[in-house]
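As structure tokens, the structure follows; a few thoughts come after it.
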Amino acid sequence: MATTLNAAVSLASSQSSSFPATSCAIAPERIRFTKGAFYYKSNNVVTGKRGVSVRAEVTTDTPTPVKKVEKVSKKNEEGVITNRYKPKEPYTGKVLLNTKITADDAPGETWHMLFSHEGEIPYREGQSVGVIADGIDKNGKPHKVRLYSIASSALGDLGNSETVSLCVKRLVYTNDAGEEVKGVCSNFLCDLKPGSPVKLTGPVGKEMLMPKDPNATVIMLATGTGIAPFRSFLWKMFFEKHDDYKFNGLAWLFLGVPTTSSLLYQEEFDKMKAKAPENFRVDYAISREQANEKGEKMYIQTRMAEYAPELWELLKKDNTFVYMCGLKGMEKGIDDIMVSLAAKDGIDWFDYKKQLKKAEQWNVEVY
């Protein structure tokens, strides 16, 4: 609120001289109030027979309030629910299915598991749930919650909105002392039997929510179990029917794994490709078995480099959305590709990526 002080100032003297009233703006802190009069203090005015009398009038101007423009998200986040169940009060679900989905000769085990939640954890594609392993830690306290990207659509694998699926790799490694160490939560999950209870929290997260636009180009970059949120996307796009959503855009998946025996959900993706060849593309990067023309191992960024000009053209469009999930190291490799491509158009890639992030078109969840 702005305040304006308008004053009429006249100079009085003992010689009955008069001067016309002069309007001026006076800072409020220079006004001194005394009984029955206002006085303006100035170093150039001597009080006594001659003084300055001030008639002051205060007016208040109320500026028109600036209407705040609410940002409209490009993602499917309207009505999304988060943190319905928290670590101190988790939901106890039940294991319906737990099956290994990598071959026996794969370097490591990955399991697909299905839990019932009876509609109590209403999640969206791209969100995560927390799991609290049974037992206590070395300090005698309950294990901390571990977050996992959801691998099923909002309808769930059974289509009744009452289940949630995870894709979990069993963590086993050897420490510096030569001892075998097992990840607490991943091993707990991979060892669960049908009918077992499991404590769940969430759902959480908005970073990886799907775009609203059914005509969007959705580029999905995954390593290993980072495929989880994209399986949820693709089920909604190609395996389900919705009254308010029919995907007509392009879904392009890049999946990086070490061996063919480590490929996840390949049969499902083959069916999607057969069903919608114009709308779904999938490219695998199998690092221990494939190489590019230069003889370099085929990591996800190496595979993407084969399509670099096409990808760059897509990234210039405002309805292209990139999602990245998996090992943190993949991000730098992808940046390395884009830097040179953007430079050809006189664009600084990192500045451009910031713009994409702000526009919700560059979404990253790595670990």
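From the backbone N, Cα and C atoms, a Cβ is placed for every residue, glycine too.
Automatic prediction, not curation, is the source of TrEMBL annotations.
Copied from TrEMBL, the annotated features are:
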DOMAIN    88-210  domain 'FAD-binding FR-type'
BINDING   Ser149, Lys169, Thr225, Val257, Pro258, Ser287, Arg288, Lys297, Gly326, Leu327, Glu365  NADP(+) binding site
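The highest number of surrounding Cβ atoms within 10 Å, among the binding-site residues Pro258, Gly326, is found at Gly326. In this structure, the binding-site residues Ser149, Thr225 were compared by how many other Cβ atoms lie within 10 Å of their Cβ, and the smallest count belongs to Thr225.
Across the domain 'FAD-binding FR-type' (88-210), DSSP helix (H, G, I), strand (E, B) and coil residues number 7 helix, 51 strand, 65 coil. Over the domain 'FAD-binding FR-type' (88-210), the average per-residue pLDDT in this prediction is 96. In the structure shown, across all protein chains, Glu365 is the one of the binding-site residues Arg288, Glu365 with the greatest number of other Cβ atoms within 10 Å.
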